[in-house]
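Input: a single structure, listed below in structure tokens.
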């Protein structure tokens, strides 16, 4: 004689065992994979992963050196970062900080911009004052290559040359460099990149925000009379701003500001020239011709 209810328990156990075994035999792998309970989570996970990777590669992946700047970035992408050093008055070093403060740069412990030279080595984008983060370093292409930094050159403008390789310093070169340092050093800038030049620098149009206003660094330099239009036979980049740049240079000449200022009486007595100032392009051409004569 069985106890009351014992038969039901055994029946349930048997049903559970048969259901599990039967399900293994009844459901093929094809049926399992096409089951909505399997498909929906799989698709959701795949789409989320692909989207996250896409967002990271597009907006959050840091560009440590010029060699990581892909060709499809040119004329299509802006680089946001902090200027670590300024070289000559038309180039600087940039530490790329994708996403800015929203992505944690400047306040998360693992997203702090290095302040020491060894921390910046191999991690900044070099730009001859065209965009990006500034880093006070020599404009020597060899140093740029050795440090593997993002070196940025300002697009469309040419600033007076500092003393390099035994050549004399141009008038207003130091003033132009100090002006640029005051404007962008240790500040965040956005550089719209145009191309990579022969010295492995990124030519870019750079913007810096001062209060609520965004300023075009190259344009402001022309307005201050501390740079000229870049007049090389090839390689000049202006984006859509060439007319604006040329108008700013002409206005600075007319107002006689910066390098276009006429010498004062005391400067004339001291031997200052009253001729039109030698442009950076003329300076480079003169020294190139002199170097060529020395070799012959």
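Each position is counted from 1, following the chain as shown.
Quick reminder: no glycine exception, Cβ is built from N, Cα and C everywhere.
As given in Swiss-Prot:
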TRANSMEM  38-56  transmembrane segment
DOMAIN    77-262  domain 'TNase-like'
ACT_SITE  153  active site
BINDING   158  Ca(2+) binding site
ACT_SITE  161  active site
ACT_SITE  201  active site
REGION    270-296  region 'Disordered'
COMPBIAS  278-296  compositional bias 'Basic and acidic residues'
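Projection of Swiss-Prot feature records onto the structure.
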{"residue": "153", "record": "active site", "Cβ neighbours (10 Å)": "30"}
{"residue": "158", "record": "Ca(2+) binding site", "Cβ neighbours (10 Å)": "26"}
{"residue": "161", "record": "active site", "Cβ neighbours (10 Å)": "21"}
{"residue": "201", "record": "active site", "Cβ neighbours (10 Å)": "25"}
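Cα separation, residue 201 (active site) to residue 158 (Ca(2+) binding site), rounded: 15 Å. Residue 153 (active site) sits 14 Å from residue 161 (active site), counting Cα to Cα. Each residue in the compositional bias 'Basic and acidic residues' (278-296) gets a DSSP state, and the totals come to 16 helix, 0 strand, 3 coil. Note on the domain 'TNase-like' (77-262): its mean pLDDT in the predicted model is 84.
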